[in-house]
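Please read the structure below before turning to the comments.
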Amino acid sequence: MPDFVAPKGVPDYVPARSRGFAAVRSALLAAADRAGYAPIELPVFEDTALFARGVGESTDVVSKEMYTFSDRGGRSVSLRPEGTAGVMRAVIEHGLDRGPLPVKLVYAGPFFRYERPQAGRYRQLQQVGIEAVGSDDPTLDAEVVAVADEGFRSLGLTGYRLEITSLGDRNCRPAYRELLTAHLGGLDLDEATAERARINPLRVLDDKRPHMREMLADAPLMLDHLCDACREHFDRVRAVLDRLGVAYEVNPRMVRGLDYYTRTTFEFVHPGLGAQSGIGGGGRYDGLMAELGGQSLSGIGFGIGVDRTLLACEAEGIPVGQRARCDVFGVPVGGTAAADAVAVLLGQIRRAGHRADMAYGGRALKTAMKAASGSGARVALIVGDQELADGTAVVRDLASGDQRTVPLAEVSGAVENLLGD
Ligand code: HAM
């Protein structure tokens, strides 16, 4: 055992898997970029009260899972458990909502939840998320869902499922909540479930235990009690998704772990991941901005788990990010002059946009050539005493084994030809 290991439940990503992680994150960011989302960089810790008020005091995320501590000035701060509250804080603080609407933002980074670690469930998790603030157009809901879908698709994922529902709004939800509470009151619930029902009756609905499913089979569902405006909104979101060719299932029992959701909510689920099957989720949060002291604007967004999306790619056998470490590998044979000559050639090759690496520390030719083929490069550049004296380099096609000696000035062109094949 080494003296130090990573904290419990926190993944390290080291090569070669780290390439997969970075490729997943880039693909998800690119999908948001294509839809006009601008990057936002925010602190990983915030005033604890922001999460208590924004995410909800009674949620597990806030009441049980936050990393909260006092800083040396005695302020209570928390590592961010999610991104939406911080984005809204920044939108209000910087007055972004006073410019053109909707404000469309994308972020990537680590979030922290003190959950029980297991496969796919970490205490430091990474998300790519988007938030669109200041429009309640259902087309925007469909866009947000489609951006997530596009991100997954662009990675080659096919085995996931999209579930969607509407949670109503402040007009229709209170009456529905009462109806559900009354219904639950008539059931013989165990103590823990009754307590959950008391804190938030909606959370009882996705109880997966067979006897509870049976007992809840005819519980009233929000979808059947939407007001006209929410119903129409949901219908339009679905119609646009249909026309976009984004497949979904309506799951009226979906429960999200954060309190700010209204109307459209959704989750992407991948069955290849075991218990932690949620690879991304999001929804509308029409009351959040006002709750945090801003003007009353609606918003919608998602958070996609980068860790879990990588696991999903692996489960589907998608070789994400598994490209060669470099295109060109330099092999100096002999003294430092050869090494310097190779380093200069590689500098030119990198400037031309190719990826290049070399053998360091005066390795023997055989060892260096082994490193070259291990690197996955297409081309090796070999410079020894003879080449130094002649002002040349050997350009070797590592795929075919063909090689030729070319003047230094022509090395770039020769490499370019081989890489262009
Ligand atoms: P969330 O559903 O709590 O939503 O998290 C989003 C995604 O983060 C999940 O679907 C999952 O892939 C990943 N995730 C969450 N917890 C863990 C964990 N412990 N280990 C690994 N991955 C995890 C939010 O965070 C909302 N802020 C999303 C949102 C944005 N809603 C509106 N805007």
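Counting begins at 1 with the first residue displayed.
Cβ from N, Cα, C; glycine included.
Because TrEMBL annotations are produced automatically, they should be read as predictions rather than curated entries.
Taken from TrEMBL, the feature domain 'Aminoacyl-transfer RNA synthetases class-II family profile' covers 22-312. In the predicted model, residues of the domain 'Aminoacyl-transfer RNA synthetases class-II family profile' (22-312) average a pLDDT of 96.
Listed in sequence order, Leu167, Thr265, Glu267, Gly281, Gly283 are the same-chain residues six or more apart from Arg256 (L-histidine binding site) with CB atoms under 8 A from its CB. Residues or ranges marked as L-histidine binding site by TrEMBL: Glu82, Gly83, Thr84, Arg113, Gln127, Glu131, Arg256, Tyr260, Tyr261.
Gln127 (L-histidine binding site) falls within a strand segment according to DSSP. Between the binding-site residues Thr84, Gln127, the minimum number of other C-beta atoms within 10 Å of a residue's C-beta occurs at Gln127. Same-chain residues at least 6 positions away in sequence with a Cβ under 8 Å from that of Tyr261 (L-histidine binding site) are, in sequence order, Leu167, Gly283, Arg284, Tyr285.
Counting every protein chain shown, the number of other Cβ atoms lying within 10 Å of the Cβ of Glu82 (L-histidine binding site) is 23.
In the three-state DSSP classification, Thr84 (L-histidine binding site) falls within a helix.
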